[in-house]
Amino acid sequence: MGDTPFKATSMEDLNDTISKIINYRFKNDAILEEALTHPSLNKRNSKNQIENYERLEFLGDSILNMIVSAILFRLFPKEKEGALARRKTDLVCGNTIANVAKEIKLGNFIIMNNSERCNGGKRNLKNLENALEALIGAIYIDGGFANVKKFVTKHWEERAKGMLSLPQDPKTSLQEWTQKNKLPLPEYELMKQTGPAHSPEFTISICIENYGKVFACASSKKVAEQKAAELMLEKINNSEKTI
């Protein structure tokens, strides 16, 4: 099938094809369709509610983080929290998720409007990342935790085992990238702090020349800065990478 967009005659046909790739067949075709529908389609259901993959993406992101955390906890019993967190950050970053999506050729199945498709939407790394997270959420809704755990473990455990050394943290990677490209070093700005003292949330921003600004939130400044750096690296990669 290569990189040719898949043309299904029905959702059942699409379900049959994808089931052979992911080793899971959806009981509810509608859940699969929602997981593959890009927001550009502006699809609405009988209740006039917008149906696309964004809600399932939100769910799938949390499920992926949980299962990958459990995999790392099992594989690296002697490592401290900080080291495990660095491994997880690398395993659940946008680039890794998009690479898994490319391995299963998920872009061929994303449903989007003509404009998005003509602009390379089926190869866009962010679209691939979002659709795969939505697919993970959909497998959980349709088939339960055991099935989604099987899918995530298949595609992430070997990656985790292959991490012979700790990955570089996103802040260091971003700093090295700016130095290499002769740009000012990234500055992390605290935009706001919300929530009670015992459970605060920090919003951090970074602005890189020619790439604009990104924002990230977390329960500590350190984690928020790492997330912001990761988002900026993904933004840079999406802007520069030719797929």
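Just so you know, glycine gets a Cβ as well, placed from its N, Cα and C.
Sequence-distant neighbours of ASP61 (active site) (same chain, six or more apart, CB under 8 Å from its CB) are GLU133, GLY137, listed in sequence order. The annotation active site is assigned in Swiss-Prot to ASP61 (among others) on the grounds of sequence analysis.
GLU133 (active site) carries a helical DSSP state (H, G or I). Swiss-Prot lists GLU133 (among others) with the feature active site.
Taken from Swiss-Prot, the feature Mg(2+) binding site applies to GLU57, ASN130, GLU133. Within 10 Å of the C-beta of GLU57 (Mg(2+) binding site) there are 21 other C-beta atoms, taking all protein chains into account.
Taking the domain 'RNase III' (15-144) as a whole, pLDDT averages 91 in the prediction. Annotation source Swiss-Prot lists domain 'RNase III' at 15-144.
The feature domain 'DRBM' is assigned by Swiss-Prot to 169-238, with sequence analysis given as support.
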In which DSSP state, out of helix, strand and coil, do we find ASP61 (active site)? helix
Chain-internal residues near ASN130 (Mg(2+) binding site), provided their CB is under 8 angstroms and they sit 6+ positions away: TYR53, GLU54, GLU57
Row GLU133 (active site), column other C-beta within 10 angstroms, all chains, value 27
